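Beneath this line is the structure, given in structure tokens, with notes to follow.
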Amino acid sequence: MKGSDWRGRAACSRLDPDIFYPVGDGAYAREMTEIAKQACLSCPVRAECLRQALETGEQYGIWGGMTPEERRDLARRNMRRRRIDAAVRMRGLAR
């Protein structure tokens with residue numbers, strides 16, 4: 001889907017947005033994070049949501065079922081993988 005067309009089909013569009021932006025790290029914030037992640041599990045546009053967050057560097061909230069920390073870890077792993085792939089290609093070892 002182009003742009004943000006997917007948002008109208010998102011499971012979260014029918015929920016309180018505050019659930020997806022828990023504040024702090026206490027029990028209430030952890031509970032809200034889990035509720036948000038559960039809502040994302042069955043969302044038909046979860047991949048588009050996560051892609052949007054990764055492409056724009058979204059620093060806050062639960063997107064695609066992932067916290068900001070989880071998205072940073074995922075982006076870091078993907079970047080490392082791309083660097084390794086590039087190094088292998090530069091050495092003429094790619095298949």
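Just so it is clear, glycine is given a Cβ too, placed from its N, Cα and C backbone atoms.
These features come from TrEMBL:
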BINDING   Cys12, Cys40, Cys43, Cys49  [4Fe-4S] cluster binding site
DOMAIN    11-73  domain '4Fe-4S Wbl-type'
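Reduced to three states, the DSSP call for Cys40 ([4Fe-4S] cluster binding site) is helix. The [4Fe-4S] cluster site is defined by Cys12, Cys40, Cys43, Cys49, and by the 8 Å test on Cβ atoms against their centroid, the other residues of the chain that qualify are Ala10, Ala11, Ala39, Val45, Arg46, Ile62, Trp63, Gly64, Gly65. For the domain '4Fe-4S Wbl-type' (11-73), the model's pLDDT averages out at 96. Taking the Cβ of Cys12 ([4Fe-4S] cluster binding site) as centre and 10 Å as the limit, one finds 20 other Cβ atoms among all the protein chains shown. Working note on the binding-site residues Cys43, Cys49: by count of other C-beta atoms within 10 Å of each C-beta, Cys49 ranks first.
The C-beta environment of Cys40 ([4Fe-4S] cluster binding site), restricted to residues of the same chain at least 6 apart in sequence and closer than 8 Å, consists of Ala11, Cys12, Arg46, Cys49, Ile62, Gly64, Gly65.
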